[in-house]
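Novice: Got these off TrEMBL a minute ago, pasting:
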type: DOMAIN; residues: 36-168; note: domain 'MARVEL'
type: TRANSMEM; residues: 40-59; note: transmembrane segment
type: TRANSMEM; residues: 71-92; note: transmembrane segment
type: TRANSMEM; residues: 104-122; note: transmembrane segment
type: TRANSMEM; residues: 142-167; note: transmembrane segment
């Protein structure tokens, strides 16, 4: 009766220790994709990060809380900026190869598609809220943020296209 208990506990210990060994060896050697930033989707992600940063810093540096519409623009800009930085890290470190359970092409398509739609709405709201009559000392920052919001929208549209191509080629196979 004691022997089956020992065998079971030894099996659990062996499984746990082999899991720990596999996890530690796989997480200690990070892969780095140097070529990703040279591809068009990689360049678009970098542009989204830089231009998105400009959108929300240009608005955050003003008294944007006086115009409620800029709250929506700030939400979209900061939310997608953080997620885009996250996806850049995932792509550069090739984390997507270590988590094959996640349908990365579908996730990328949904992310870029939603970013395109919401950034388009935020850019339109941003542009329609800019008025020289409201607050003249914030006008230049708000106008510049509107311009950059439309540029980020174009970048997300481009990445949505590339994500769609990748998704479609994956679903056809």
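Glycine too: its Cβ is placed from the backbone N, Cα and C atoms.
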Novice: When each of 40-59, 71-92, 142-167 is checked against the transmembrane segment (104-122) for Cβ pairs under 8 Å, which one has the most?
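Specialist: It is 142-167 that shares the most Cβ pairs under 8 Å with the transmembrane segment (104-122).
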Novice: Restricting to the domain 'MARVEL' (36-168), what is the model's mean pLDDT?
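Specialist: That region's mean pLDDT is 93.
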Novice: Using DSSP, what's the helix, strand and coil tally for the domain 'MARVEL' (36-168)?
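Specialist: Split by secondary structure, the domain 'MARVEL' (36-168) comes out as 113 helix, 0 strand, 20 coil.
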